[in-house]
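Pulled from Swiss-Prot, these are the features on record:
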- 28-185: domain 'Helicase ATP-binding' (DOMAIN)
- G41, A42, T43, G44, T45, G46, K47, T48: ATP binding site (BINDING)
- 94-117: motif 'Beta-hairpin' (MOTIF)
- 432-594: domain 'Helicase C-terminal' (DOMAIN)
- 629-664: domain 'UVR' (DOMAIN)
Amino acid sequence: MSLTNLFKLQSSLKPSGDQPQAIQKLVNNFKQGLKEQILLGATGTGKTFTIANIIQHLQQKTLVIAHNKTLAGQLYNELKAMFPNNRVEYFISYYDYYQPEAYVASSDTYIEKDSKINDEIDQLRHSAAGSLINRDDVIVVASVSCIYGVGDLKDYQKSTLHLQIGDKYERKNLINKLIELKYQRNEINFQRGTFRVRGDIIEIIASSSKEIGIRIIFFGNEIENIQNFYVLNGKAIANLKLITLFPASLYATNNQKLQESIKRIRQELKEQINHFEKTNQLLAAQKIKMRTLHDLEMLEQIGNCNGVENYSRHLALKGKGEAPSTLIDFFGNDFLTIVDESHVTIPQIKGMYFGDFSRKNNLVNFGFRLPSALDNRPLKFNEFQEKMNKVIYLSATPGDYELTKKIPIVEQIIRPTFVLDPEIEVRPTNNQMDDLYFEIKHQTKNNQRILITTLTINMSEDLTTYLKNLGIKVAYLHSEIKSLQRLEILKDLRLGKYDCLVGVNLLREGLDLPEVALVAILDADKQGFLRNERSLIQTIGRAARNITGKAIMYADCISPAMQIAIEETYRRRKIQKQYNETMKVTPTALNKTILETISIKQKERIKNEKGKSKVQKKLQINTNMTAKNKEIKRLQKTMKEAAKALDFEKAATLRDLILDLEKKEKR
């Protein structure tokens with residue numbers, strides 16, 4: 001692959017509307033040495049397509065950061081379709097559930113870390129890391145998970161195993177090497193991150209794969225053949241000349257470095273015990289001694305321990321306060337960063353370090369963790385800035401941080417479809433439910449979709465139930481729905497399985513839904529984050545891809561935020577209308593392909609669903625509707641809210657109650 005033509009954008013579309021001038025300005029500014037720019041693009045103007053063209057022009061590895069998993073998934077699908085011959089990867093948090101380790105001093109309560117890892121997302125994370133090391137034509141779409149510590153890049157590279165036919169390699173040495181790379185030998189449960197031995201054959205399932213394995217065939221002490229094969233049936237796919245095998249863990253390290261790390265941990269333990277004894281904190285001294293010695297024993301025996309990430313500073317042989325290794329380090333020095341919906345993403349990146357520090361500092365002060373655990377953290381904002389090279393802040397409503405930087409702002413107002421911004425109506429709250437129902441029925445007759453945004457979760461739930469009882473095909477999109485499932489719901493809305501989506505804070509930035517013709521904003525005049533001018537402009541923009549797009553604000557007065565949002569929307573409408581009249585063009589409907597979602601297991605789920613009998617399906621529905629399951633869901637919601645509010649004691653109590661209920665359900 002030519003280094004000057006790594007990225008090849010494949011699309012039947014050509015830049016149009018404001019896209020050509022935006023692409024040219026952004027590319028020229030970078031070529032002139034500018035490092036940061038803002039792309040102020042109205043909703044539906046094709047900002048992702050503009051970014052894809054910039055990637056093709058610059059020919060550089062690209063990191064796209066989104067502020068939530070739903071938007072990250074959508075961007076991943078779109079960019080993967082535009083760059084089918086390049087590596088487009090997905091890197092988000094792999095936790096389905098995460099209760100962090102914490103200590104509540106007021107009640108002397110220690111809460112152990114509890115988590116559930118999504119194996120599918122972990123696989124995608126490994127794939128992203130491997131691609132960045134192995135290739136130059138890589139785009140990674142990530143959440144803010146990319147600023148959290150992962151294993152050291154140099155260790156990961158050194159641990160990479162290269163094998164080719166004809167290599168002299170004793171079978172037992174390869175087995176030992178695989179164990180060093182954190183692969184587990186498992187002859188029975190052969191799955192991702194394991195290997196098995198059958199005579200002169202070693203079979204491996206890499207950390208970045210699940211369905212395709214690697215087969216190493218020996219003849220004596222020589223590698224005679226290498227194959228990849230289907231894990232399901234063992235059938236060979238192709239013979240390979242060589243393979244590159246990445247570690248099964250992002251925290252891989254060699255034995256020599258591990259021994260040095262253990263020495264450093266012992267030294268820090270000694271210093272911390274002395275500190276506690278001098279300050280007469282004898283209980284804390286005893287706790288840290290017992291915990292750390294147990295962890296050291298595990299590290300010496302198997303090279304791993306529970307909470308190994310808390311020793312990441314020592315494992316990477318870094319100094320106190322030094323920035324942790326993150327996915328960003330895997331990009332090298334010269335790469336492009338796209339901060340999507342920057343008005344939300346930048347504040348999110350800024351706040352990550354402080355929340356992490358306040359929780360861990362308690363653990364250190366009371367003898368549950370060594371001070372070095374504080375360096376197992378997300379990047380501080382200044383560290384994030386230092387790692388950036390070329391940056392585009394992407395938003396329809398740039399935030400204060402971007403606007404105060406005095407960097408070029410490139411506007412993209414005209415849509416390729418020449419569709420105008422939505423019309424806005426302000427209606428009184430009196431009889432708003434009846435009015436909303438009438439609007440929904442009117443839109444569904446024309447095969448259009450509707451988004452409704454409320455202020456509270458309870459209001460969303462009640463409204464969803466109310467509309468369901470009226471026969472509306474409606475779904476409730478909320479934060480507790482798993483990231484991949486959210487993408488399925490959005491796809492189902494476009495396909496017509498649902499006519500209407502109700503939500504609180506997930507129906508704003510970036511959702512690309514051309515079928516949505518109506519956005520209803522309840523309590524639009526209420527002051528606060530969910531109804532400030534940026535939030536209102538973003539929410540109105542959800543209907544901006546539809547020719548008949550309209551936004552209805554239900555309010556009893558026009559708030560200052562509403563006034564700004566209405567004025568900005570009509571400023572853009574005026575520019576768009578003048579352009580259409582001057583160029584003699586007519587708005588056209590956007591027929592956008594409905595892309596497959598990320599889920600690797602999707603086909604398997606469909607197959608299993610088809611195999612169920614009607615009786616089984618009915619039984620499953622009845623079971624899901626039991627009062628006990630409803631209570632479990634309610635408790636899970638409360639538990640997550642408590643964890644977000646840093647009320648870890650309450651969260652732990654709720655977790656234990658949920659586990660108890662689930663055990664009773666199984667009986």
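Cβ coordinates are placed from backbone N, Cα and C, and glycine is handled just like the others.
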Across the motif 'Beta-hairpin' (94-117), average pLDDT on the 0 to 100 scale: 85
Reduced DSSP assignment, T45 (ATP binding site): coil
Residues close to ATP site centre defined by G41, A42, T43, G44, T45, G46, K47, T48, Cβ within 8 Å: T50, A396, Q412, R415
Intrachain C-beta neighbours of G44 (ATP binding site), sequence separation six or more, cut-off 8 angstroms: R415, T417, V419, G541, A544, R545, L590
Residues satisfying Cβ distance under 8 Å from G46 (ATP binding site), sequence separation of at least 6: G17, Q19, Q412, R415, P416
Composition by DSSP (helix, strand, coil) of residues within the motif 'Beta-hairpin' (94-117): 3 helix, 15 strand, 6 coil
